[in-house]
Every structure is written in C-alpha cells, then in structure tokens.
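This report refers to the structure that appears directly beneath it.
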C-alpha cells in the first residue's frame, strides 16, 4: 500500500478524486487501481509545518541580543513543529507509519520549495520507507492520473531539496545576522525607536534600495518647461500635420525660439524629403507566467502581486488553472495536445463561446509557444471549465485574463500599415509626420489595445512641394521618472539588471530578483515592515525604509542584485547536481561574517553621513509621568506605552482591545487628553453587548468603564 503526502488539503482532495478515493476521518483512502494496485492513504500538510529552531535554542550565546553574539553561524540546523501544526504532523506520522504502507509517494508541489517541505517532514519523522515522487503541474484528474503513471525515482528530485535547503539556511543566517546587527546599532545611536522592527535580506534589501533610489530621483528632479512646434501642410490638396525635430530632439526649451520658428515657417513652401510606408505584423503575446499575469492584473484591476497570486492559487486549487507559480511562458508538445482538447470546452462558455471556431486550431509546431520548459509550463486552463457564477469577481477577472491570453495565441497576427513623412521647410527645418492604419485586426479581437484609432496620412511623392498653412506651439513640462506601481515593480524584479553599475551590467543582461513564487511575498514583507506604503497603486518608501537603505554602506553586496544573480547561478547548479550544497552554505557563512564586520565599521559614520533619525509618533501625554505615549513592541505584539519606561521604569500602557472591541487611535488620544472617551459602542461580555465610555481612574491608576 502507498501513503501519499500532499502539500495542502486541497491537493489531497484533488488526488483522492482522481483516484476514486473517499474521505475517512482526516485522511482519504484510495481503492486499489491499475495506477496503485494496493490502494493508498492520502494525507496532507498545510504548507510549512516545520520551522528552524531559534538560534538561542541551539546555542545560549545567541539568546543575547547583542553585537557580541554575532554573526549567527549555525553548523547543524534543527527544526521544530510550528506551534499550531502539531496535530497535522501527528496525522501525517500515523499515515506513513501505517503497517500496511510500504512506499511513500511525495506529492507536494512540483518545485524546489515543495521538495523542501515534503522531505523535511519525512526526515523529521525518520521515515526509512521507499520514496517515489509525483510530479504534476496541473490538478485535473487527467493530469494527476498521468503523473501517477509516471512516478519519478526518489534520487531524481533530491537535488531540488538540497537547492531549497541551501537557500533557506543561507538566507536565514545572513538575514538574521544583519537584521540583529543593524537593529542593535540603529537603536543604540537613537536613529530608530526601540520598538522598531529592522530586517534585511538578500532579496528584500536590493528591492527596497531600488524603491528608495527611484524616490530620490523624483525628489531631486527639477521640471523644465519646453515647447513643441507643429505645422499644417497642404501638398497639392493633401492636408496633413508634422512636428518639428532636429536630429533626435523635438523639444525647444525657450518659448521665444518656438514662437520665432512658427513665424519663420508660416506660409513658406515645403518639400517632401522622405516618404516611407511599410506593413508591420505584431504577434500575439506569449502565454502567461506568474509575473506577467501579475503585471497585467495590476494594470487592469489594480491588484497587488500577492492578490493576483492568491486568486490564481485558488483557481488552481479548484482545478480550473494549472500551477500558477511558473516562470515559463511556453508549453511542451504534450501540453499543446492537451490544451487543444481543453480549449474546445470553452466553446459553450457564455463569455467566450462567440469567439469559436478559432482561426488557429492548434499551437502544435509553433516554436513561439512550443519548446522545452523548466519545472512548470505556462499558465493554462484545464478541462474543468467554470461558469462565471461559480467564481468570485476577482477570480473571474484572473481566469478571464488567462483565457484571453490563450485564445489570442490561436488568432493570427495583427497587421498595420505605418507611414512616415519627412517634410523640409526653407531648406532648414524638418518636420516628421507619423500615421498608422489597421489592415487586419488579428488577435486584437481578443485583447484590444488601449488606443486603436487610425492616424491617416496621404501617400505623397518624394520631392513634391506644398505650403505651410498654419503653425502651433504647445507648452509642456519635463517629467520625473514614474513611481513604481505593483505592475512595474514586478517588471523590475523580473530583470533587475538596470539597478547595477554599468561595468557589471555588461556581463549580466538578465537578473531576476526573487522567484515567481516569492516576489509577491517580498513586496508584502516590505509593507509589513513599514518600509513602503501604497497610495493609489503607487509605492512610496517610508522614512524608516529610507533610513535603513541609507545606513548600508554604498556598494555593499547586500544592497545590490548582483548577490542574488550569483546565488541563483549556484543554486540552480545545486538543483542540477552540478554544485555541492555544503560548499554553498560554507561560502554563505563567510559572507555573513564579512557583512557583519562591514556594518560595525560603517555605523561609526552614520551621523556624519546624515542618516535621518526617526522619532516615535506620540499620541498624547502619559497619565502617570507626563512623558510621550508611543507605539511600542512587546512579547505579545504592539501596544501604546510610556516612552520613558527605560529611564524611569514607568509602566503606563493602553490596550488595543477591551472586551473584544478594538479601540481606535482617535479614542486612545481622547482618553489621554480628557481622561475619558465618548461612549464607545460594541463591548461584549458573555452573551451581552453594551455601550460605555472609558475613563482613567486616578486612584487605582487604571482604565475602566464609565457611566
């Protein structure tokens, strides 16, 4: 008999359905079949159910939050069960050690991280049974059954475990060492408040540095006025417009010069110097990888990357989409054959049925879409087609994007005619006219462009003459670089080569920051650390984010994507059995020590380099000692307390919640100012709900309910 270990309950359910299994208690039982002749027990983790032991649990010296305990170097990582996941691990243990089970099928996600999650559990339980690996990018019954018929040998995917292990352990040591070091030093020098959480990391810090760099460019930008000049021409009855240009410049930075140009050319004769006309074709876009889906969803719906991943993951869990955390935009011939079958199920769909029959019936033999893929092919629909009413609005938005992308690939190229006329006036001044005309709509039937209006130009003879009948100047301003949006931030992370110095950029043309699976989480992490904030889908660094970046030495590898580039090369080599994971971890330990020494030395220059100090925002005066009441951090989370607690031992604090009622900042400020609040609605005690003000009892020195 087999025991199947899934990464999450939804996957276990999908496996059970594909194998005609039934639920028995907290697991599924699949009957004997041609795929699994002895049947199977199916259990599930819930993602990561194990976590590293804290450094202080491994070594007493690391319990001390001091520079003397750094860097954190761990020779043998050990794991503990996540506090609320003990029951899950016990259920897995009971399943795989069932006396009937002879072979374990590791069926976690088909990627390095899935390998890491699954094998950590098996190693923790000291499982010595035979292991087989299930590898599938789709959760449809057909794909699952096919994967069970082609189980991989244990050794075939083991290198992916070492790849993920090397990354996790190295990131942990470097991240924790630097987070502690910078946190201690920034707080010691009074640059950040003592309740501030400071974190640095190989990927999060270069991303934050880029956001801060863009903000600085915007702040330092000085807008300039400029003018453009347009002329209207009449060439033997053919009227058209052109814009002045000289070499590559079409802007004039002095108004009087623009006006003079208008006066000079008005009513003057003109000559056609060049007349170009060509037909261009535009291929349909490639299929979606996660990043390109996140970019389009951000532009179309304002979704943050984490939201797009959430909805795509939900569609995958329900069996409507293939595995979403993919970096590939192509598919294999086998995938194309399956897609050819699945796409026909859309012909009866309320939204997409009218688009059938498709002009191109198959993607087979189309090298633009068909080729080798890495772990997972591009995002595809499955043979399970949902009705719009079965999806939430957000899920529907994502599903429709993916479907349209696939359908567009089954339409011909867009064909457009482009014209360009270069007109010369007074044998001195040149004007450019550009026109376009849609000849064949092609895949724009499926994905219309934002602006498809034709700009018609006449066909004129080179050397033919006309006259300038009118001129117009238009005033504009130079614009700073755009702030990053959720979409453009993902675009930057797909290739961060632009962020590195010119001499290094020559050798690195493609530099991804993070992976398809981690990018959304990295952006969310910066937000949770209060390093960035969002305003109308644009990202801004906070003062804390700027301070952290400024505290890092210029040129430090922790602030540059170069480190990630080098790591990715080696990590991929580990996954391909071309490099030893132990050598990688040894190098990471040395780097952790180097970066720790770097911050110790550089921190002495923070004052002279103008690293900005951040003061805690006060919400009022302490009712015991009169000092500021600020947001602080304790063992059980954040709370408002006296800022003078270290010097005077003042213990004053205010609760965030009273009887399950969350108090607003405004209510807490009112309490500090007036020693009472207005009536607050919604307190709950046992089965009753009541309304009451909060008051400060001076005698007992505590907050209580008033009348």
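All residue numbers here begin at 1 and follow the chain in the order shown.
Glycine is no exception: its Cβ is also placed from the backbone N, Cα and C atoms.
Going by Swiss-Prot, these are the annotated features:
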type	residues	note
ACT_SITE	323	active site, O-(5'-phospho-DNA)-tyrosine intermediate
DOMAIN	1-140	domain 'Toprim'
DOMAIN	157-596	domain 'Topo IA-type catalytic'
REGION	199-204	region 'Interaction with DNA'
SITE	48	site 'Interaction with DNA'
SITE	167	site 'Interaction with DNA'
SITE	171	site 'Interaction with DNA'
SITE	325	site 'Interaction with DNA'
SITE	529	site 'Interaction with DNA'
Neighbourhood of residue 323 (active site, O-(5'-phospho-DNA)-tyrosine intermediate) by C-beta distance under 8 A, where only residues 6 or more apart in the same chain count: 109, 110, 136, 137, 138, 139, 316, 376
Tertiary contacts of the region 'Interaction with DNA' (199-204), as residues 6+ beyond its ends and Cβ separation under 8 Å: 171, 174-175, 178-179, 182, 513-514, 518, 522, 525-526, 529, 548, 552, 558, 563-564, 567
Residue 171 (site 'Interaction with DNA') CB neighbourhood, other CB atoms within 10 A: 16
Long-range Cβ environment of residue 167 (site 'Interaction with DNA'), under 8 Å and at least 6 residues apart: 112, 567, 571
Candidates 48, 325, 529: member of the recorded sites with the richest Cβ shell (10 Å): 325
Pairwise CA distance, residue 529 (site 'Interaction with DNA') versus residue 171 (site 'Interaction with DNA'), rounded so that it is a whole Å: 18
Counts by DSSP class (helix H/G/I, strand E/B, coil) across the region 'Interaction with DNA' (199-204): 1 helix, 0 strand, 5 coil
Whole-number Å value for how far residue 171 (site 'Interaction with DNA') lies from residue 325 (site 'Interaction with DNA') (Cα to Cα): 21
Rounded Cα-Cα span from residue 48 (site 'Interaction with DNA') to residue 171 (site 'Interaction with DNA'), Å: 16
